[in-house]
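Here's the structure, in structure tokens; my notes come after.
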Amino acid sequence: MNIPFVTLNNGIQMPQLGLGLYAPKQQDEVKQSVLDALDLGIRLIDSAAIYANEKEVGQGIIESGVTRTDLFVTSKVWMEDMGYDSTLRAFDKTLSDLGLEYLDLYLIHWPKDTARKETWKALETLYDQKLCRSIGVSNYYKKHLEELFLHANICPAVNQFELSPFCYMPDEFAFNQENDIQVEGYAPLVRGWKKDDEVLNEIAAHYGKSTYQLLVRWNIELGAVTIPKSVKRARIQENMEVFDFCISPEDMQKLSQLYDNTRVAWDPRDF
Ligand SMILES: NC(=O)c1ccc[n+]([C@@H]2O[C@H](COP(=O)([O-])OP(=O)(O)OC[C@H]3O[C@@H](n4cnc5c(N)ncnc54)[C@H](OP(=O)(O)O)[C@@H]3O)[C@@H](O)[C@H]2O)c1
């Protein structure tokens, strides 16, 4: 299964589909899911300090034997660690837990109202020191990005936010594209909450795909990077089998009308 790459605004390549790792009660299954995903051909790993499983993720990476330069490993600084020095410390812990010497992408996890500026400065330092190949943000909407543009020396390469037809806001998506920031969509499967949706089922059946595959492909059609999470090998494989069909413009239109602001995480507009 060949997963395409997108090129970030600093020229580095990022796989368009990866493995999500938010599994707070499933730490013992995380290492195996990393091993399975890497064995199946996934190379993008979406980690975060708050998931409290970076040691397991690191063990999976090491045991897989995959060459480091073939991997694209992301992590995120959590809200309580925001600030210049505390972000640098949090980054050190993440690197040590993962057992890595550098990250491919480090993100500010949420735009907490204080310390956004200092935290971005810390990420710029890590980038300058070549400890991160790219830096970005998560859950930043237009108002947060506009604030960041006022003080940033480096434009974020990636903005990771929740993305499914049920919470798709075309203006927010377009603002990232206009500013050359790659959108990475999380919770593409809406954690299965919408699996019985009639429109989803009707369109998925038309393509001979599951509703999960349809939702992953919807992210790909938009040009987003997507990181469906599963700790089950068969599901990881199912969620990857999305490069042998395209969703027609008419069906994309129908799917985009499903917006009802269903979100698995907080709404960034509240930050
Ligand atoms: N930046 C942020 O603030 C933020 C917030 C949330 C998530 N994320 C990232 O995005 C990733 C994905 O989001 P998410 O984990 O919240 O939700 P998701 O990927 O939309 O859904 C994951 C859920 O769907 C189940 N599942 C996966 N594939 C399935 C399939 N083919 N059939 C049936 N069920 C399936 C999984 O269960 P099993 O594991 O049991 O298969 C899990 O319960 C996270 O893991 C994390 O890396 C980032």
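Cβ from N, Cα, C; glycine included.
For TYR51, the entry in TrEMBL reads active site, proton donor. According to TrEMBL, the feature substrate binding site maps to HIS109. Positions annotated as domain 'NADP-dependent oxidoreductase' by TrEMBL: 18-259. Among the features that TrEMBL reports, site 'Lowers pKa of active site Tyr' is placed at LYS76.
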Cβ contacts of LYS76 (site 'Lowers pKa of active site Tyr') (under 8 Å, same chain, 6 or more positions away): SER47, ALA48, ALA49, ILE50, TYR106, LEU107, ILE108, HIS109, SER138, GLN160
Under 8 Å by Cβ from TYR51 (active site, proton donor), counting only residues of that chain that are 6 or more apart: LEU21, TYR22, ALA23, PRO24
HIS109 (substrate binding site) CB neighbourhood, other CB atoms within 10 A: 20
